[in-house]
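Enquirer: Below you will find the structure I want to go over with you.
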């Protein structure tokens, strides 16, 4: 039931079960601000409010009127009881004035400028009609409706429309389609502030109706607002990141070169910084056997993801709704390790296949990623608008191909992005296991002097990193990469080539044996600190995104936004905006430092990882500035640094 402002109602007091008279002051969704007769103002739910109808006892007729009309019919009266001095044709009229029930009809005050448009005769007729309608008794207006009862009078008095509805036709003739749009869109286009919950125009207060009708006339056209909106539209239609279409074109060509070229410096049991050894034999770069093996691993992960094994959870809320995910990535990795161990037990040369053909695997990953990104680009052209990536829907096809048209593309029950992530992590585990087995095979005696401690520690830390990501797979669903990054050429080729670039560090350690030293303690401690920073911050953000009202998070300070979300400004997230990025950078630099090398090759991935995360932090900052507006400005004034406190 909807009530209008100023209406007298009966309200159930929150502290009692009795209804008291009150007056509606304002409304906010299903809650109404009511002023009681005592002057107290409180918010009350609509279910505790009812109409203030007059008592029936006041409208009942006398006891005589409730009796059957036939008892007082003239046919039942005896002619002998009539006085002979009275004329039989004259009916006795009641000397009491007959009272008629009147109804007050809702009126819309007509603006003067609209009244002046009509001629004098029409205005006179309208005024006469309005006066006659409002002063006409209810019984006279219901003559032709048949028998009138108290119930019909009560219902019709609340629903009867004024007969001057032609005024409403004049008023609503110029209303365009924008009247039916939500207030939210109206506020976006004209910078209106909405203090209460957004409502459609169909449930606005009556006194706001004329403002809606004269919507275009009342709003002052501000050139600055128009320029601001044009700028926002251009920011969506034109590429804004990665150097625009030209920058993405260079990255499409150079990204495989950046990942494959360093690996050409680390072949044939040696890693030397210098000019890469470019071989002319094409079969040394493209191998159908390697391509089939990598494709088989990817298909194995996809098939395993469709098996109903593992916990099923809802992903974060987006424009489509909540996508469901089955968390079986960790189980898939365990099964992959078991199959890998079985191959080793059967004395299959799996380790040499992985280590000696890292370049062929990288090129195969690039080919697979390119084919997949092309298929997803075509699929995104037919996808619903709600599924599209707003940053991959520009007027540049090259930029859209790089960014990806969809954020979370799915083919049936298969989520492409999450399966790319799982394939990447499982590949990291298998590569490092191959390096560990190769190291053990080359060790003569298992002593600290002969065992390559550096490569053992490096591979162990990388395996921990990958297994941890799969074990806490639910936390990855609320990261920037899963929620906002499009699935295009950048992610598809990146996920498929990323494991071999990452394992390039441990492969360098395999070919350059590091003697045991107590200096290993420092990079290990740094890795532990980075891991705790990375994991705790990610888990805290994931828990906050899923349930901001959790009792374990009540100590966190937050800033509300207009989109219904909150920004954390305390704890780890109160010092820097991306503590998880900082932890990630610390972990990869600590792994690189285990090599104790004076060569740049083992630090190659740490440098690339640092640059990518710094640029991602900048991209995220610009997107959040557009998304949250004033709330983000308030947030950045509280949390001033992106990754490193007091430095960046």
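If you go along the chain as it appears here, the first residue is 1 and each next one adds 1.
Glycine is treated like the rest: Cβ placed from N, Cα and C.
Okay, so TrEMBL annotates it like this:
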- 47-101: region 'Disordered' (REGION)
- 110-129: region 'Disordered' (REGION)
- 242-261: transmembrane segment (TRANSMEM)
- 282-307: transmembrane segment (TRANSMEM)
- 327-345: transmembrane segment (TRANSMEM)
- 357-378: transmembrane segment (TRANSMEM)
- 420-437: transmembrane segment (TRANSMEM)
- 449-467: transmembrane segment (TRANSMEM)
- 487-504: transmembrane segment (TRANSMEM)
- 516-534: transmembrane segment (TRANSMEM)
- 586-615: transmembrane segment (TRANSMEM)
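Surface or core, plus neighbours and distances: that's what I need for these features.
Expert: Outside the transmembrane segment (242-261), and at least 6 residues removed from its termini, the chain residues within Cβ reach (under 8 Å) are 276, 359, 362-363, 366, 396, 398-399, 401-403, 489-490, 493-494, 497-498, 500-501, 608.
Within the chain, the transmembrane segment (327-345) has long-range Cβ neighbours (under 8 A, six or more residues past its boundaries) at 297, 300-301, 304-305, 307, 309-313, 351, 418, 421-422, 425-426, 429-430, 433, 437, 466-467, 470-471, 473-474.
If one looks beyond the transmembrane segment (357-378) by at least 6 residues along the same chain, the residues whose Cβ comes under 8 Å of a Cβ in the stretch are 256, 259-260, 263-264, 267, 284-287, 290-291, 294-295, 298, 400-401, 404-406, 409, 416, 431, 487-489, 492-497, 499-501, 503-504, 507.
Residues 330, 333, 425-426, 428-429, 432-433, 435-436, 439, 442-443, 502-503, 505-506, 509-510, 513-516, 520, 524, 527, 531, 587, 590-591, 594-596 of the same chain lie 6 or more positions beyond the ends of the transmembrane segment (449-467) yet place their CB under 8 Å from a CB of it.
Listed by sequence, the residues of this chain that lie at least six past the ends of the transmembrane segment (487-504) yet keep a Cβ under 8 A from its Cβ atoms are 251-252, 255-256, 259-260, 262-263, 266, 294, 298, 358, 361-362, 365-366, 368-370, 372-373, 376-377, 392, 400-409, 416-417, 420-421, 423-424, 427-428, 431-432, 435, 462, 481, 601-602, 604-605, 608.
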Enquirer: Sort out for me which stretch, of 282-307, 420-437, 516-534, has the most Cβ pairs below 8 angstroms to the transmembrane segment (586-615).
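Expert: Result: 516-534.
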Enquirer: For the transmembrane segment (516-534), what are the same-chain contacts with Cβ under 8 Å, counting residues 6+ beyond its ends?
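Expert: Same-chain residues near the transmembrane segment (516-534) but 6 or more away: 448-449, 451, 453-454, 457, 461, 464-465, 468, 572, 579-580, 582-587, 589-591, 593-594, 596.
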Enquirer: Other than its close neighbours in sequence, what residues sit by the transmembrane segment (420-437), given a CB gap under 8 Å and a spacing of at least six beyond its ends?
Expert: 297-298, 301, 305, 329, 332-333, 336-337, 340, 344, 350-351, 354-355, 358, 455-456, 459, 462-463, 465-467, 469-470, 476, 482, 487, 491-492, 495-496, 498-500, 502-503, 506-507, 510
